[in-house]
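Structure first, commentary second.
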């Protein structure tokens, strides 16, 4: 028994409410949200997004990696988005470890030597938002006129606060 | 004026409904969902997820990249997840282009030579799910006993169908 089976059952009820929609493939707001995989953040209700409104990109920490840039280039050049919101959050898993001890743990636990691989942990959540906004601004693959905002989500209250 | 300002306003209403929760940092179901950034997929309602239930990882196509593996390793080794669902969808943006013409377009449009960079487009959505499940199964960083399922979400109906 997997949770996947439960998800398929829950999905049956969702289909009944969904109806036969034919929304455009291009997001209505032209926004891409870059955020964390954390289970306590449900992006659509937290930001008031309807189906079809915005691209939602999520990895561990909501960090701007090479793969995030790949996704944003497709989002912008193929799907017409023109704005990015970097949204990190309080009590993040990326704040629970540091690279070197984590690498040693993986070697011991999984028998894998990951070399100097960076798992992108951080200490200060506002600082990590600013860092990732800077990476976006510096990237030649992100056009100058794309609007970039940053914010922190509070997992206890649901409040989003802008980071300048 | 940015859409971000609208999101902050919508978030005020969300905070009123959220209340002061203190959910655990570790996802309740021990599941990580790997899926696409597409705006027509709201993962939590489509799978019946409550706040705190599962990690949600999203990039262009829902592809299993190096960054996705980074995130899954953190999800599993730091946050205790033990199951992965690879969820791609119909009418995907990753089906709207091919690598070489896209690279040429980026050179012309942005003046950037991306070399042989792979943007991970695909043609057949069931095949892309199977490919990504295989990458997970072959990765030494994903333990053998982690359960891996695959599925396709229909953006018109909301229906999720398993891929074997």
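Placement of Cβ uses the backbone N, Cα and C atoms for every residue, glycine included.
Around residue B:92 (Zn(2+) binding site), taking its Cβ as the centre, 23 other Cβ atoms fall within 10 Å, counting all chains. Under DSSP, residue B:92 (Zn(2+) binding site) is assigned to coil, being neither helix nor strand in the three-state scheme. Taken from TrEMBL, the feature Zn(2+) binding site covers B:36, B:38, B:89, B:92.
Closeness to chain A is evaluated for the binding-site residues B:36, B:38, B:89 by Cβ distance, with values under 8 Å counted; counted residues in sequence order are B:38. For the binding-site residues listed here (B:36, B:38, B:89), the lowest count of other CB atoms within 10 A around the CB belongs to B:89.
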